[in-house]
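To keep things clear, I will list the structure first and then write my remarks on it.
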Amino acid sequence: MPTTIEREFEELDTQRRWQPLYLEIRNESHDYPHRVAKFPENRNRNRYRDVSPYDHSRVKLQNAENDYINASLVDIEEAQRSYILTQGPLPNTCCHFWLMVWQQKTKAVVMLNRIVEKESVKCAQYWPTDDQEMLFKETGFSVKLLSEDVKSYYTVHLLQLENINSGETRTISHFHYTTWPDFGVPESPASFLNFLFKVRESGSLNPDHGPAVIHCSAGIGRSGTFSLVDTCLVLMEKGDDINIKQVLLNMRKYRMGLIQTPDQLRFSYMAIIEGAKCIKGDSSIQKRWKELSKEDLSPAFDHSPNKIMTEKYNGNRIGLEEEKLTGDRCTGLSSKMQDTMEENSESALRKRIREDRKATTAQKVQQMKQRLNENERKRKRWLYWQPILTKMGFMSVILVGAFVGWTLFFQQNAL
């Protein structure tokens, strides 16, 4: 028998009401002050000008000259869940990121984006990818890679975070979802839930640890989807009746703009409905998720579906998948789930390889531009100093000559 959420999902699908529901949530969301993010000294710590933490829920760095970081503490008391939702670190904020992880006693970092997506840099490389440790002298931390477990669509790193001043070390789990497209949704609820339950099984989300740090690029779309699904499943485990819209509105009191598109909202419903099967005691469901996710295949890279760009919000586009909405969407939730999980493997792999090549090329181009800019700066500095140094050299020759002549003159007079 369909649950209340399943009936609500079917109704929203049948009436094509995802966009209106999403707009309702946006319009009913409260806006709170975020003045600190706009201080002149903090502007270069924000990845996007219009995604800022609220003053009342922002994470404050302790014992720092400037306590600002673009991160929000989302505290859902009834679920006994706390998350730190943050942007993808910038090159100048990686040190603050690790300081926050240390001070908040975080056990895991959940990363839901790639470094480069659609030829745009979405996040700095803030963790080591080889045996060489990374030093963050500004805040006094080093990070070392202990192990790496690479799956087809996610990777788990085990990192050692060391406080250089005290010598104390902590082990941090880094869960990296590598195929979730920006403004999009994962390939299937099965793959997403398989990943979510891997994070859960590590104990990193439990209340006896500091809050898990969850980020994508802006820290609101994919991060909001992850947090919403996990929170709703926890509430269902406790036997509570849940209203997904109300839960999301409550979470939006802590960080602006959580869930960026109607597609992400629809996917959240699908993942919650599918995840509820495990909560209700279906012991085989997690095994089925793992099989459907094909996590043991060779890693592949994400491909984003074609989008219809409809409007802008928080500096980001709201896109709906280009699909012909027909009566087939009303054929039942199970078939929708199954259809979402299927794809053409060969075609997908080719697209993913092309996307990876583009990303690699974009990264190389950016590095080349940085080198050219540095060379240009050096050239301009040299052009500025060259005439000054030439004049100084000329004056030095005159002074030395005058000194020598003066010395010889006095020597002759002395004789």
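Glycine is treated like the rest: Cβ placed from N, Cα and C.
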Record says Asp182, Cys216, Ser217, Ala218, Gly219, Ile220, Gly221, Arg222 bind substrate. Source is Swiss-Prot. Which of Gln125, Gln132, Gln260 does it list for that same site?
Gln260
In Swiss-Prot, which of these is labelled phosphoserine: Ser57, Ser173, Ser284, Ser293?
Ser293
Swiss-Prot annotates one residue of Ser188, Ser298 as phosphoserine; which residue is it?
Ser298
Taking Cα atoms as reference points, which of the modified residues Tyr22, Ser52, Tyr68 is nearest to Gly219 (substrate binding site)?
Ser52
So for Asp182 (substrate binding site), how many other CB atoms are inside 10 Å of its CB?
22
I'm checking region-level scores; what's the whole-number mean pLDDT for the region 'Mediates interaction with STX17' (376-415)?
77
